[in-house]
Structure formats: C-alpha cells, structure tokens
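Among the features that TrEMBL reports, active site, proton donor/acceptor is placed at A:Cys78, A:Cys189. Annotation comment: TrEMBL describes A:Asp15, A:Ser16, A:Tyr47, A:Gly48, A:Asn79, A:Thr80, A:Thr190, A:His191 as substrate binding site.
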Number of protein chains: 2
Amino acid sequence: MSIKCNKNAPIGVFDSGVGGLTVAREIMRQLPKEHIVYFGDTARVPYGSKSQNNIIRFSRQIIRFLRTQSVKAIVIACNTASALALDVVRQETEIPVIGVVIPGARAAVQATESKKIGVIGTEATIRSEMYTKIMKEMDPEVSVIGKACPLFVPLVEEGFSKHNVTGEIIDYYLESMKESDIDTMILGCTHYPLLRTRVREYMGEQVHIVNPAYETAMDLKKILEDNDMANETLEEEHATYSFYVSDAADKFKQFANSILPYDIETTKQINIEEY
Amino acid sequence: MSIKCNKNAPIGVFDSGVGGLTVAREIMRQLPKEHIVYFGDTARVPYGSKSQNNIIRFSRQIIRFLRTQSVKAIVIACNTASALALDVVRQETEIPVIGVVIPGARAAVQATESKKIGVIGTEATIRSEMYTKIMKEMDPEVSVIGKACPLFVPLVEEGFSKHNVTGEIIDYYLESMKESDIDTMILGCTHYPLLRTRVREYMGEQVHIVNPAYETAMDLKKILEDNDMANETLEEEHATYSFYVSDAADKFKQFANSILPYDIETTKQINIEEY
C-alpha cells in the first residue's frame with residue numbers, strides 16, 4: 001500500500017458506543033502526535049444484536065461521516081463491526097481501515113505456548129466465535145474456550161470497576177476459566193481493558209492477558225510508518241481530539257472523562273442516518 | 001368512553017424490550033380470561049436515551065402493528081413511552097390506551113402518609129422526573145426523592161436477582177433512601193418488580209412498595225369492566241398469549257421463560273419499521 005496523504009490529517013476511530021475509547025486511549029499513548037476523530041454510535045448501541053447487513057450499513061455511514069473529517073486512516077474499535085464489516089468496507093475505502101479482532105487474535109496466537117487460549121467478551125462476540133475462527137485460521141492447533149461476561153460492560157460503565165461486587169462477578173464468570181489450562185486470555189470486548197488489572201490479579205501471573213486495544217494501536221503505528229503516513233510535524237502536546245456521537249452526548253462525555261487522561265470539553269451529536 | 005368491541009379480542013401490551021413482561025404477567029394474573037399480544041422493541045431498546053419525537057414515532061408504529069392484531073385495548077408497559085408518548089397516541093387511537101406511570105403515581109400518592117415518596121428507576125426515568133411531575137399534579141404537598149439504579153436492569157436480565165452481589169448493589173444505591181424519611185417507594189422501572197422482595201427486605205416494613213405493573217393491571221381491569229369490554233366467554237386456561245419482537249427473538253424467549261408462569265413456545269420477529 002502506498003498512499004499519498006496529508007500526514008497532519010486525523011485518525012478516524014469508531015465504535016458502537018463508549019467502549020472504543022479504550023482503543024482511542026491506546027492510540028493517544030502510543031501515537032501522541034496523531035490527531036483523532038472519534039465517533040460513538042450511541043443511538044444504535046449495542047451492535048451485537050444487529051444483523052450483519054445492518055452492521056455493514058452502519059459502518060458505511062460512519063466511514064462516510066469520518067471521511068468528511070478528512071481522516072487518513074480508520075480504526076474500527078468495535079469487535080462486532082471488526083468481525084462483520086471490516087472485509088467489506090476495507091475493499092470500498094481508499095485509506096487504510098483496521099479492526100481490533102485480527103491484532104488481538106494474532107497477539108494471542110503468538111503468545112500461547114500451551115495452545116490453549118481463553119476469550120472473554122459480550123454474548124454476541126462469544127456466540128459468533130469470531131476470535132476462535134480467526135485464531136484457528138492463523139494456527140489450526142490452538143483450542144479456544146469462550147466465556148460471555150455480560151455484566152462487565154454495565155459494571156464498567158456505571159463506575160464499579162474498583163468495587164467489591166466486581167470481584168465477586170469476576171469470580172462468578174471466570175472460575176471455570178481459571179481452573180482450565182489456558183495460558184493466554186483475550187479481553188475480547190473494548191470495555192474490558194478497564195478491568196484488566198482485576199482480571200489479571202484473578203487469573204494469576206501464569207496467564208498472559210491480551211489487550212486488543214493495545215495491539216491495534218501497535219498495528220496502526222506500523223501501518224502509518226510503513227506507508228510514510230505518520231505525523232511528524234507536530235509537537236505531541238498539540239494533538240487534537242474530537243468526539244462525535246449519534247445520541248446522548250452528555251453521558252458519553254462523562255464516561256470519556258472518567259477514562260481518558262484529560263477532560264474532553266465538547267462532544268457533538270450528529271444525525272448519522274444522514275450519511 | 002363507550003366502545004363497541006369484540007370482547008374476545010386480545011389486549012396489546014408493548015415495551016422497549018423484556019421489562020414490560022412484568023406488566024403482562026400481572027395482566028395474566030389479574031385478568032386470566034384476557035388474551036394478550038405482546039410486542040418488545042428489542043431492536044431499538046433502550047428508549048431512555050431517545051428523543052421524544054422518536055419515542056412518539058416508535059409508539060405509533062407499534063400501535064399500528066398491534067391494531068393489525070385486532071387488539072381491543074393497549075397497555076404501554078414502558079415508563080419512557082408512558083411519560084413521553086401516551087398523551088399524543090391516546091388522542092389518535094379509538095381504543096383505550098393506558099400507561100404505567102399514572103397508575104403507579106396515583107397508588108403512591110394514595111398510600112403515603114408522610115407525603116415523602118421515593119422513586120427508583122433508570123437514569124433516563126429519574127432525570128426526566130416523570131413521576132415527580134405527575135405526583136405533584138395529583139398532590140402538590142408530596143415531596144419526592146429519586147434515585148437511578150442503572151445496574152438493576154442488567155442484574156435482572158442476567159439472572160442475578162437472587163445472587164449475593166445484588167444485595168450489595170441494592171445497599172449501594174438505596175442506602176441514602178433507607179436513611180431518608182420516605183414511607184412509600186415506587187418501583188419506577190418495569191424490571192424492578194423482579195427485585196421487589198429484596199428491595200422490600202432491605203427497605204423494611206415501614207416503607208410501602210408500589211409496583212406500577214400491579215396498579216396498571218388493576219386500572220386495565222376497571223376500564224374493561226366499566227366499558228363492558230371484558231372477556232366473559234372464555235375459560236381462563238384457554239387465554240392465548242402471543243409474543244413479537246423487533247430483534248433477537250431467542251434471547252427474549254429465554255428471559256420470558258424465566259419470569260412467566262409458563263413456557264412460551266415461539267416468539268416472532270417482525271420488522272417494526274414497516275408499520
């Protein structure tokens with residue numbers, strides 16, 4: 001891929017809601033010179049219960065919106081859209097588009113020695129076996145145990161990450177996985193990096209925890225460097241971050257401010273159906 | 001109101017998702033001879049974050065669908081739609097339409113002696129102060145304390161109603177309300193009747209717990225009787241219940257079977273945007 005672009009243009013990042021902010025946060029950390037335009041589809045969250053046709057339609061609309069913001073690359077920071085829409089929209093889009101599933105899957109396949117990998121995620125992610133399929137394509141010898149942890153998202157969104165009950169619920173969901181012989185575990189939902197410390201403590205040091213948000217930012221960095229697209233002109237403290245949502249901008253802002261390293265001032269609400 | 005109708009026609013009940021099943025359940029208990037057609041708008045849940053215009057549009061679509069099922073009356077088993085759409089759609093609809101907010105508010109105003117009433121609900125319900133406004137119209141002397149309990153819905157939907165952690169989360173949300181001087185408390189979310197026993201235990205016997213689902217079924221019964229619309233021809237064991245959703249019929253069925261007194265066999269998925 002060789003792309004002529006304005007290196008000072010922003011990275012577009014989108015998710016069905018707030019979860020993808022953990023991916024945006026990793027990009028801010030690893031690529032501090034890059035501007036970011038984030039879109040959270042809060043009007044249509046969650047994507048997990050929607051059909052593939054709808055997920056592709058939503059992703060196309062969001063990519064059209066992000067391109068009005070002149071982005072130079074797009075990160076699909078949503079497991080469902082990464083699994084269901086990436087192949088289609090990548091072919092239609094002239095700028096690089098990456099998802100979170102492949103970087104996470106690849107890191108897990110590279111890390112495992114026992115070839116036993118655990119994946120935790122939403123019910124939709126686990127039921128779809130998206131990580132299992134991709135990892136088995138990468139290495140047919142791996143075996144994968146999936147476990148849906150549907151309460152993790154509301155616990156994180158309601159600010160219970162450090163609360164007592166979260167420990168009990170981690171135990172409830174992950175007990176069988178702890179007793180299994182996995183040596184690697186994927187945090188297969190964009191909210192889960194916010195429980196990473198607690199999950200790591202619970203699972204113990206012998207289990208390598210893969211954070212797809214981290215791996216995705218690494219992949220993005222490599223793509224930008226390989227294609228001479230990285231922003232070199234900017235002092236890192238001047239990168240600008242813009243946030244757009246399709247509904248309930250206030251709640252989004254509140255959550256963003258609780259997890260990002262700085263306070264965001266405005267979140268703009270747009271009508272995504274117009275794109 | 002005097003309405004000519006087929007007394008054997010079903011009652012239409014709708015909600016943004018599964019929560020309204022607690023209202024359907026009360027109708028089954030209190031009006032065992034009435035057939036029910038239930039619609040859960042699982043594709044567009046939750047309603048709390050949507051604009052009033054959208055809630056009215058959704059309600060109109062659902063009422064058009066329910067009328068294709070020849071319902072004789074409609075129950076809006078959703079707090080948000082009851083507060084934001086009832087006035088508008090009632091005027092457009094020739095058959096009786098009732099919501100859950102007014103019956104719940106009236107029961108609380110009648111029950112309180114101290115004139116201090118607590119309301120618990122979703123963030124959207126509490127922020128809108130829908131119960132407060134209606135109760136103050138009924139009795140300007142009441143004072144109302146609201147408390148959003150956003151984790152209650154996922155706890156109930158994920159089957160944690162009887163789990164340990166639910167007790168801790170009840171304590172977390174309701175401690176200040178327990179220390180207040182309310183003597184009446186409204187379960188202002190259709191999921192909360194499924195936590196009624198635990199909330200009652202926590203709050204103690206001196207607090208009267210109002211279940212709007214129960215009050216709504218009582219109101220419906222009165223309207224049917226007053227207007228000579230009640231079904232008299234049927235043996236109660238033969239009432240038929242039909243369930244429709246706009247997405248993810250399997251998950252709906254699973255939840256319905258966990259709370260209804262009998263197993264539902266089929267749930268049909270329809271495209272509500274076509275109505």
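From the backbone N, Cα and C atoms, a Cβ is placed for every residue, glycine too.
Those residues noted as binding substrate (A:Asp15, A:Ser16, A:Tyr47, A:Gly48, A:Asn79, A:Thr80, A:Thr190, A:His191) have their most widely separated CA atoms at a distance of 14 Å. Sequence-distant contacts of A:Asp15 (substrate binding site), defined as residues of its own chain at least six apart whose C-beta falls under 8 angstroms from its C-beta, comprise A:Leu21, A:Val23, A:Tyr38, A:Phe39, A:Gly40, A:Asp41, A:Ile76, A:Ala77, A:Cys78, A:Ala81, A:Thr190. Neighbours of the substrate site: apart from A:Asp15, A:Ser16, A:Tyr47, A:Gly48, A:Asn79, A:Thr80, A:Thr190, A:His191, residues of the same chain with C-beta atoms within 8 angstroms of the site's C-beta centroid are A:Gly17, A:Gly19, A:Gly20, A:Val45, A:Pro46, A:Cys78, A:Ala81, A:Thr122, A:Thr125, A:Cys189.
Around the Cβ of A:Gly48 (substrate binding site), the number of neighbouring Cβ atoms within 10 Å comes to 22.
A:Asn79 (substrate binding site) carries a helical DSSP state (H, G or I). Take the binding-site residues A:Ser16, A:Thr190: by the count of other Cβ atoms within 10 Å of each Cβ, the lowest one is A:Ser16.
Counted within 10 Å of its Cβ, the other Cβ atoms near A:His191 (substrate binding site) come to 25, all protein chains included. Taking a C-beta cut-off of under 8 Å and a sequence gap of six or more, A:Thr80 (substrate binding site) has these contacts in its own chain: A:Ser16, A:Pro46, A:Tyr47, A:Gly48, A:Lys50, A:Ile55, A:Ala124, A:Thr125, A:Ser128. Residues within less than 8 Å, Cβ to Cβ, of A:Asn79 (substrate binding site) and separated from it by at least 6 positions along the same chain comprise A:Val100, A:Val101, A:Gly121, A:Thr122, A:Thr125, A:Met130, A:Gly188, A:Cys189, A:Thr190, A:Pro212. Look at A:Asp15 (substrate binding site): DSSP puts it in a strand. Looking only at other Cβ atoms within 10 Å, the busiest spot among the active-site residues A:Cys78, A:Cys189 turns out to be A:Cys78. A:His191 (substrate binding site) falls outside any helix or strand according to DSSP and counts as coil.
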